[in-house]
Every structure is written in C-alpha cells, then in structure tokens.
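*Asks:* In case it helps, Swiss-Prot gives these features for our protein:
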- HIS120, HIS124, ASP310: Fe cation binding site (BINDING)
- VAL142, VAL143, SER144, GLY145, GLY146, ASP175, GLY188, ASP192, ASN281: substrate binding site (BINDING)
Amino acid sequence: MGEAEMNEDVYVLGIETSCDETAAAVVKNGREVLSNVVASQMESHRRFGGVVPEIASRHHVEQITLVIEEAMQQAGVSFASLDAVAVTAGPGLVGALLVGVNAAKALAFAHGLPLIGVHHIAGHIYANQLVAEMKFPLLALVVSGGHTELVFMKEHGNFAVIGETRDDAAGEAYDKVARALGLPYPGGPHIDRLAHEGEPVIDLPRAWLEEGSYDFSFSGLKSAVLNALHNAKQRGEEIDPRQMAASFQASVVDVLVTKTVQAAKEYRVRQVLLAGGVAANRGLRAALQDKMKELPDVELVIPPLSLCTDNAAMIAVAGTVLYQQGKRADLALNANPSLPLV
C-alpha cells in the first residue's frame, strides 16, 4: 500500500446475495462500517425446511435496489464519494448471485467506478478485520451452512486451504439433525440452545480421519444421530432432544476445535480467526476460547454475531483489500456458483 493510498480515505460499497440474505454495506478504509443493511428471507424459506433457490432469487430482485439505497443513505455518502463497488461473485446459488453481480455491474458502469469480485469465504474471513488488525501468518476456521474449512494465510489475499469437509459441512449436519429432532429451520441456533440445557451423555462418533489430516467429515455423525433416533422410535423409547443436541454439538465442536488448535501449532501462526455463520454458535465459541489457552501467544479473534452470518460489510472489507492491491474485475464479471478460493 503506497503512502498516498494510506493518507486517502477509501470508501467501498459491498453487495452480498449468495444465498438467502440481500445485503449492502459501506465500509471506510476497510475498518469502519458506515452502514450494514441485511434483508433476510428466513420466514419465506422456513416452511420448506431449507432455502428454495427460485424463491431466494425472486426476493433478491425485489429487495436489492431498496437495500443498496438504504445502505448509501445510512452511510451518508454519495456514489461520487465511492472508490469501488465490491460484490460476491461466488460461491453460492447461481440465480441469487446473479442479482447482486448484475446490480454491482450496473452501478459500476453508471457511476464510472471500479468493480471488484469477492469470494464469499474470503469475505467471511475478512469480517475479522472489523474486530482486529490481521496478523500474518494466520489460520481461519470457516464454518457455515455450505463450508467447513481451515484456511492458512501468509499475507493479504493469499489463501491455502489446509483442511476441508469431505462430505457434509457442519452447518448442513446441524440442519439435518435439527429436522430429525423436529426443530424449526434454520436448525443451528435451536441445537445450540438445546445443547446448553442438556448433557453430552450419548456416545456419538468423532471423525478424526487419518493421522495428520486437517479434513473434516460429518456424514457419519449425522447418520449415527438419525439411526439412534430411528432405533429408539422402533423400540417405543424416547430420546431427550436436549441430551441428543448436547451430544451432537460436543462431537462437532470437539473435532473442529482440536484440529484448529493442532494446525495453529504446526503452522506457527500469530492469529486464529473464527468465521462463517456457525461461528455464531455459543458452544463452538466457548470451546475454542478454552482450547486456545494452550497457545497463549496466539491471538484468537471472534467476530460479533452480526458479522458471522452473511452480510455485505465483510464483502466491502475484502473488496477494499483487493482494491488496494490494484485488483479489478471488468463488466464481463459473472456469477460462479462453485468459485474456488485458491
């Protein structure tokens, strides 16, 4: 970053529509949130027990202009004051992504602004920069509905995925187990709440995989829970949902936290970041804080709940980093539902 760039304020509008939240935000200098507007569609998807892509896209089309206008108004800035427009280009639902990408392209073209395509997971990681300055090398544990990854970073924009899920993401497992327990969608917060009322007394598997692997696997655990519930029902017995929630969460959290701390030791990082929607989970936050006591010299950064779930402030922050590195997209930018991080 040059001297001139350091002295000039940088204002970036972020836009996020990768799944079921329509979001826009204005961030100053990659550190100060001037506005962060999120229109959630949760109620529309709840009765279906999951996100319906077609419904998500329609809601984004209805909301996108209003959400962007509100973000600009709350921030008290004009389009003339902006330095760039950053938008989630992937991964996500293709129809949902297209709404945000096309809105960003239209704004960039109309106002002569640089356009920046941002990876959704990079956004989740960079949400932490709104809490603390990033110190490299660092390790990020990204846990969301569709992703469970350990990402090592040597410097800004340099991502190495050292561990990822081989089947279900942690968030998917939460939703499927919640459904089996008769809990509403989205299941994560409900399991977290029940887990705090129960004890992890049910013996459930933990998939450590082969020695030295930082990958994750949650499908076996999910199947074990579903089988236990099914077998109990066949026998005419009832399993206390609080004990099952506590046991399931203990298994997920144990593997996530143990592998994260092992990797932090091996890669000799200065900082560990928690990122993604499941990062809002109280059980995970508490367990990671406790286990990180083994590494007193490593800083643990956990974003506030509002920055864990999908939002556009994180996209604006990641976009600011790319802007300052001179990286730009052109008007051929397209939505990529399976965009790789690396």
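The backbone N, Cα and C atoms fix where each Cβ goes, and this holds for glycine too.
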*Asks:* How big is the Cα-to-Cα gap, in Å, between ASN281 (substrate binding site) and ASP310 (Fe cation binding site)?
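*Replies:* On Cα coordinates alone, these residues lie 14 Å apart.
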*Asks:* In the three-state scheme derived from DSSP, which category covers GLY146 (substrate binding site)?
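*Replies:* Its secondary structure by DSSP: coil.
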*Asks:* Reduce the DSSP letter at ASP310 (Fe cation binding site) to three states and note it down.
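*Replies:* SS state of ASP310 (Fe cation binding site) = coil.
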*Asks:* Can you tell which of SER144, ASN281 has the most other C-beta atoms within 10 Å, given these are the binding-site residues?
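*Replies:* It comes out as ASN281.
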*Asks:* So if I measure Cβ to Cβ from VAL142 (substrate binding site) and keep only same-chain residues at least 6 apart in sequence, which ones fall under 8 Å?
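*Replies:* Listed in sequence order: ILE121, HIS124, ILE125, THR148, GLU149, LEU150, VAL151, ALA275, GLY276.
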*Asks:* Whole-number Å distance between the CA of GLY146 (substrate binding site) and the CA of HIS120 (Fe cation binding site)?
*Replies:* 11
*Asks:* Within 10 Å of the Cβ of GLY188 (substrate binding site), how many other Cβ atoms can you find? Include all protein chains, please.
*Replies:* 26
*Asks:* Within 10 Å of the Cβ of HIS120 (Fe cation binding site), how many other Cβ atoms can you find? Include all protein chains, please.
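*Replies:* I count 26 other Cβ atoms within 10 Å of it.
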*Asks:* Could you list the residues of the same chain, at least six apart in sequence, whose Cβ is under 8 A from the Cβ of ASP310 (Fe cation binding site)?
*Replies:* GLU16, SER18, CYS19, ASP20, GLU21, ALA23, VAL38, HIS120, GLY277
*Asks:* If you draw a 10 Å sphere on the Cβ of HIS124 (Fe cation binding site), how many other Cβ atoms land inside?
*Replies:* 31
*Asks:* Centre the Cβ atoms of HIS120, HIS124, ASP310, go out 8 Å, and tell me which other residues of that chain have a Cβ in range of the Fe cation site.
*Replies:* GLU16, SER18, THR88, ILE121, GLY123, SER144, GLY276, GLY277, ASN311, MET314, ILE315
*Asks:* What's the longest C-alpha separation between any two of VAL142, VAL143, SER144, GLY145, GLY146, ASP175, GLY188, ASP192, ASN281, the listed substrate-binding residues, in angstrom?
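*Replies:* Across VAL142, VAL143, SER144, GLY145, GLY146, ASP175, GLY188, ASP192, ASN281, the widest Cα separation comes out at 18 Å.
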